[in-house]
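Pulled from TrEMBL, these are the features on record:
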TRANSMEM  25-44  transmembrane segment
TRANSMEM  64-85  transmembrane segment
TRANSMEM  92-116  transmembrane segment
TRANSMEM  128-147  transmembrane segment
TRANSMEM  154-174  transmembrane segment
TRANSMEM  180-203  transmembrane segment
TRANSMEM  210-228  transmembrane segment
TRANSMEM  268-285  transmembrane segment
TRANSMEM  318-337  transmembrane segment
TRANSMEM  349-372  transmembrane segment
TRANSMEM  393-413  transmembrane segment
Amino acid sequence: MSTTAVPDVAVAAVDEGFWTRPRKVGAVLLALGVLATVLFGALATGQQARFTLSETEGGAALEIQGTLGAILFGVVAAGAGGALLAGVPKRWFTLVLGVGLVAFVLSFLCWQVSAAPEGRNFMPMVNIVRGTFVLALPLIFGALAGVLCERSGVVNVAIEGQLLMGAFSGALFGSLSGNVWVGLVAAAVGGAFISLLLAVFAIRYLVDQVVMGVVLNLLAVGVTGFLYERLMQTDADKYNSAPRFGNWEIPLLKDIPLLGPALFRGNIFLYLGLLLVLVIHLALFRTRWGLRTRSVGEHPTAADTLGVKVLSLRYRNVLLAGVVAGIGGASYTLALYSFTKNMIGGKGFIALAALIFGRWSPTGALLAALFFGFADQLATYLGAIGSSIPNQFLAMLPYLATILAVAGLVGRVRAPAADGKPYVKG
């Protein structure tokens, strides 16, 4: 009886075929579920963990004993990971992964909330959802600016500088004029100024777009920091006391449980951000402009052959991106805070990650921005209830979530084919 030897190459191919991306993600999720079940279950207390639907401790709530909740949700996360590891139909991948990740987060929260001092062992979900949207707003505007640029074939690493210049311009001119609308227009112009520099050097002079973006970020930090010290610090009442937009409440809708107070009691930036997501999505995939933009980002030579003015379209879209990012910067200084040096604090780079996480889609960028906003808000909440996790680690949480999301969940994504490639008309 003869036997057939299986070449090592064939075995390697079989192994590689088994360890598909869904199975790798499933293995990681299974490990996280086991970790949650064992570690979070052991660290949680017998105190109740309460998740309220109001802004305070009162109101309707989901209430579960801490240890039980941590173990139960950990088992659900492990089960979801096991299902992915065993192999599920492709159409179910996102749903099963989502259930597993939510269960892991809930297991973690059951530990943290139950371990909080008595009287603080509750999570007001209205505040969490509202804070998520507030913290996600600059990311939404920044990611949309990235969509407009990169769908046109121009890499926009200068989102940080556009947000910062928008925040500074809005604060300065809003203060000088005493008019919040003047500040908003100035913020848009400030962001467009950074975009104009990006467009001229990247499109006209063919400077490396990534390098140019980094340089513009440093330029924005330097210029705004210098003017802040020379003007705003010396006379804050005159140069750094811009009026602010108030909240606009929408009758009836504001009373919807949980989402009502978060979505329908917001300022103009909340409504404008959500509206821009819808408008840009429809324009990008349903209009002639959108078709031309996508063609320029994928194959500019073919677009040029069909009569599309490639360079002109790139100029316009990059400038429009600066306007959008500048308005996003104004969401800081015309709604929440006075201007301070380098106040954006890296949000432009997280917006760039949201763009990639969202696969260069406006709606995907929105969801990614909300994910990062939730991580930021969660860190703030855990600090407020006196979490045993060190403050330094809590401050890292949004950035850690960014790394894990982009490296572990996105997988292989394809940017527009001509993204970052200068076009020279032949």
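Each Cβ is built from the backbone N, Cα and C atoms, and glycine gets one as well.
Please treat TrEMBL annotations as automatic predictions, because they have not gone through curation.
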For the transmembrane segment (349-372), distant same-chain residues with Cβ under 8 A (at least six beyond the ends): 132-133, 136, 138-147, 150-151, 156-157, 159-160, 163, 274, 276-278, 280-281, 284, 398-399, 401-402, 405-406, 409-410, 413, 415-416
Contacting positions for the transmembrane segment (92-116) when only residues 6+ beyond its ends and CB under 8 Å are counted: 22, 25, 29, 32-33, 36-37, 40-41, 43-51, 64-74, 76-77, 79-81, 83-84, 122-123, 382, 385-389, 409
Annotated stretches the transmembrane segment (318-337) and the transmembrane segment (210-228) touching (3 or more Cβ pairs under 8 Å): no
Contact between the transmembrane segment (268-285) and the transmembrane segment (128-147) (3 or more Cβ pairs under 8 Å, separation 6+): yes
